[in-house]
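Below is one structure, written out as structure tokens, with a few remarks after it.
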Amino acid sequence: MKTGIVVFPGTNRERDMAIALHGVTGRKPEMLWHRDTALPDLDLIVLPGGFSYGDYLRCGAMAAHSPIMREVKAFAERGGHILGVCNGFQILTEAGLLPGALLRNGGMRFLSQDCYLRVETSETPFTRHWKKGDVFRAPLAHGDGNYACDAETLAELEGEGRVAFRYASAGGVVDASDRASNLNGSVNAIAGVISANNRICGMMPHPEDLVDPLMGGVDGKPLFDGLVEALVR
Ligand SMILES: NC(=O)CC[C@H](N)C(=O)O
């Protein structure tokens, strides 16, 4: 499986992502620079976390208009698979590749802590190694992770099973009004969503940071194992 990771000025999680992808695929990901105007042959593009362009204007707003994103959009139009984590999720919404927006966290503070996610569907290449209802731990580190969208979009996402992950308690209880579990105040406690064609996933927490016992756990590994199973040619 050939993977590529997009690096913008201010991206800071590309190495964590590269370690995770190298570990599951056995081959080094290609690092793609924001100014690149062509893509190599790839099965998966990852937009990693960080502070692209210093979060100027809005998180992800400038990155969404960088040269590489024209290629990423063309890749998406060809049916390519894309994963956006944290700033990557913000960039995907700013680029119009996923619906909704990531607003300032409900409590107005930058959050850096573990959270628990409940898997809402196993019918995607990103979640197929989990069962619906599984709960896993993931680190989270962001200032703007409060997922929001209009009522029509929300009904569509919920109705089409396109909510991938929700913030939950360690025991798996989802309560959007409970700030102890829905840390950033996201609508319906949404932590990750999937595109209509099931090939683009954006999520705020970082599964790439729990893929080896040496990291303190392997809770995030099923996401990468599922992608390998789905995408290996
Ligand atoms: N870890 C990240 O990708 C952070 C994303 C963004 N800079 C924010 O603070 O919301």
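We number each residue from 1, going along the chain as drawn.
For all residues, glycine too, the Cβ spot is worked out from N, Cα and C.
TrEMBL has this to say about the protein:
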ACT_SITE  Cys86  active site, nucleophile
ACT_SITE  His206  active site
ACT_SITE  Glu208  active site
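Neighbour density for His206 (active site): within 10 A of its CB lie 23 other CB atoms from the protein chains shown. Between the CA atoms of Cys86 (active site, nucleophile) and Glu208 (active site) there is a gap of 11 Å, rounded to the nearest whole number. The Cβ neighbour count for the residue listed as 'active site, nucleophile', using a 10 Å radius and every protein chain shown, is 28. Counting only same-chain residues six or more apart in sequence, the Cβ atoms lying under 8 angstroms from the Cβ of Glu208 (active site) belong to Arg13, Asp16, Met17, Ile19, Ala20, Leu21, Pro48, Val85, Gly220, Phe224.
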